[in-house]
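Feature list (source: TrEMBL):
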REGION    1-53  region 'Disordered'
COMPBIAS  17-34  compositional bias 'Basic residues'
COMPBIAS  35-47  compositional bias 'Basic and acidic residues'
DOMAIN    71-360  domain 'Band 3 cytoplasmic'
REGION    203-236  region 'Disordered'
REGION    363-400  region 'Disordered'
COMPBIAS  391-400  compositional bias 'Basic and acidic residues'
DOMAIN    408-774  domain 'Bicarbonate transporter-like transmembrane'
TRANSMEM  437-459  transmembrane segment
TRANSMEM  466-485  transmembrane segment
TRANSMEM  524-547  transmembrane segment
TRANSMEM  554-572  transmembrane segment
TRANSMEM  652-670  transmembrane segment
TRANSMEM  690-707  transmembrane segment
TRANSMEM  738-757  transmembrane segment
Amino acid sequence: KGHRAVYIGVHVPFGKQGRRRHRHRGHRHHRRKREKETDREDGRESPSYDTPSQRVQFILGTEDDDEHIPHDLFTEMDELCFRDGEEYEWKETARWLKFEEDVEDGGDRWSKPYVATLSLHSLFELRSCILNGTVMLDMRANTLDEIADMVLDNMIASGQLDESIRENVREALLKRHHHQNEKKFSNRIPLVRSFADIGKKHSDPHLLERNAPGNLDTGKSADVKGTGTGGSRENSTVDFSKVDMNFMRKIPSGAEASNVLVGEVDFLERPIIAFVRLSPAVLLSGLTEVPVPTRFLFLLLGPAGKAPQYHEIGRSIATLMTDDVFHDVAYKAKDRNDLLSGIDEFLDQVTVLPPGEWDPSIRIEPPKSVPSQEKRKVPKFPNGSTPTGETLKEEGHHAGPELERTGRLFGGLILDIQRKAPFFLSDFKDALSLQCLASILFLYCACMSPVITFGGLLGEATQGRISAIESLFGASLTGIAYSLFAGQPLTILGSTGPVLVFEKILFKFCRDYDLSYLSLRTSIGLWTAFLCIVLVATDASSLVCYITRFTEEAFAALICIIFIYEALEKLFHLGEVYAFNMHNDLDKLTLYSCVCSEPEKPSNETLQVWRSMNKSVENIAWSNLTVSECLEFHGVFRGSACGRHGPYIPDVLFWSVILFFTTFFLSSFLKQFKTKRYFPTKVRSTISDFAVFLTIVIMVLIDYLVGVPSPKLHVPEKFEPTRKDRGWFIDPLGGNPWWTLLVAAVPALLCTILIFMDQQITAVIINRKEHKLK
């Protein structure tokens, strides 16, 4: 009967062979069931295990049937308390999606999510509750009345509950539930009714039928009935106009609920405990603050005087239900022992902080990236290896099929296209949102500025062969192509420091050996493109699996250091270009002056410049020259207000420093604005999304209004090559010898390695699971 297994070498469970179902058949059914229970309630032969982890790994290794596939869980804890000092009611006190949120400030608002800290004693008490309480798995029921009757029948049959107080317990179970969001909708018809009323009344046949919680429309009511997803929705009328839709959107589609009910009453002498798993999940209106079908119920009622103890036990089971491993065990458990193994495995993983060395009242903020718990689910041999003999790969990018070598020419590219094709059109449609607009505007600023800046530096390094307009044109072409076909459009593209160094070395080489720089550069570019295609054809990206976390962190640190260094370097460079007098005497400001005068001993280069302009020392009006004219004629600046490169400029540097730090701090403030208390949530989120772009616009406007001549980007005014003696198309050979076409492969190989490492390591970092494309 039930589940059977054959063990050869290792324990390999067969698939599902039968299903145990609980039906309400009165006391005799539960008495028979209790008599049959032994160590293994489901009749399975159970191998012995050394550790709880091995037991849990065996449970998780069984095949899933339709009713035991784990879903995302929303957990709510309600506590039984007095309303207005007269009547009992269930009041919502905490909830969990992944982290705990508590009702605080007198019940007026929810706390921020935080990592739950549990006492070790409450975990052991919870284990005792599961060990000695009522455990009913795969119960089939449609209303809370049926659930209550079946649980009470089981308790009475097992001797945990006296028949004389059955009705008192049943009445307590069916008390009205008061949820935190009811205050928001106090001016509307109350959503939550007593379960006794829900059980007596039938659904309105004219209400809309729809699934919960995926397709929810505000302002509508729905009678959600049985669907093909495995959840029963019978006798469950939900008025979605009374649901907090902002919170509802945070719950994943297809999620189920776990309800924790704890409280103290005056008619019990000892606690009663029940753990129930429904199969299928049932949408019980009013039990949960959001219309999510209930899968699990945990009940703890006890004598008065121990409410804090019951509260901590309730927090413990709720926190366990959010744990990735116990969550799966709860879905797949066949009996009480499986649940106990899940608790024991959880206890093996917890860390205990000694009292007196930390303050338990301090709430721990949720981590930015939650570590994966997959390692707890994978069985290991005593030597630490996995059953396949391979060591566990580091979490993240190594496990994906896109990094496996296919063994065929362009095999990886073909598979990439096949994986991407179904989502290609939706990627463009999904981008039609306000948040994507913020990213687009930010990327425009983030890409445009360095492209033009590096273009200017390239122009200086190559004497105008490649300058700002060429850099902008090249970045535009490659950026469009990359965004359309690379599947990862949120990437900053452009020249980097190593590329600039490469260009300087190549230009110097061409000048020393009298070669055409642009022709040789074209040959190198064609070779680089060819080598990149070879890398694609041979699935070279599979080598990414050998990139360690240390390499990623080192590369990321290098990129951060380069960006920070370049920003500060530009600031210090402004201090040289726009020098100021550090030895000012305020009383002598009227005496300061700086004029242009002829050099005492003109160099040969200076004399040649004068001859080319048909000028001489005598016919140049030195005292009337502007700064740029003085530099052009190689004049010398003299006076108390002169620096090394010209007159002192007192305002530009300090104004640039103000712009520098104000931009940084304002963008950081606006980025965190969504956590502030001002304005509605939508407004705060929009400001946070557009933080960088808004900062740039604000600071540019302030700079324009103040009028200080701070340095600006020099953008080309016309779309034409920088040098007038060439067009847009370059001959790869030009005036160079034929052998340069072959020699170009050597620097192209170096350039290819640079591009490959840069792009691949960046992609690995971005594609880590914990980053989620942030």
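Each Cβ is built from the backbone N, Cα and C atoms, and glycine gets one as well.
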- Give residue numbers and ranges for long-range contacts of the transmembrane segment (466-485): same chain, 6 or more residues beyond its ends, CB-CB under 8 A. 447-448, 451-452, 454-456, 458-459, 491, 493-495, 503, 518, 521, 714-716, 719-722
- Which range out of 554-572, 652-670, 738-757 gives the transmembrane segment (524-547) the most CB pairs under 8 Å? 738-757
- Across the domain 'Band 3 cytoplasmic' (71-360), average pLDDT on the 0 to 100 scale: 77
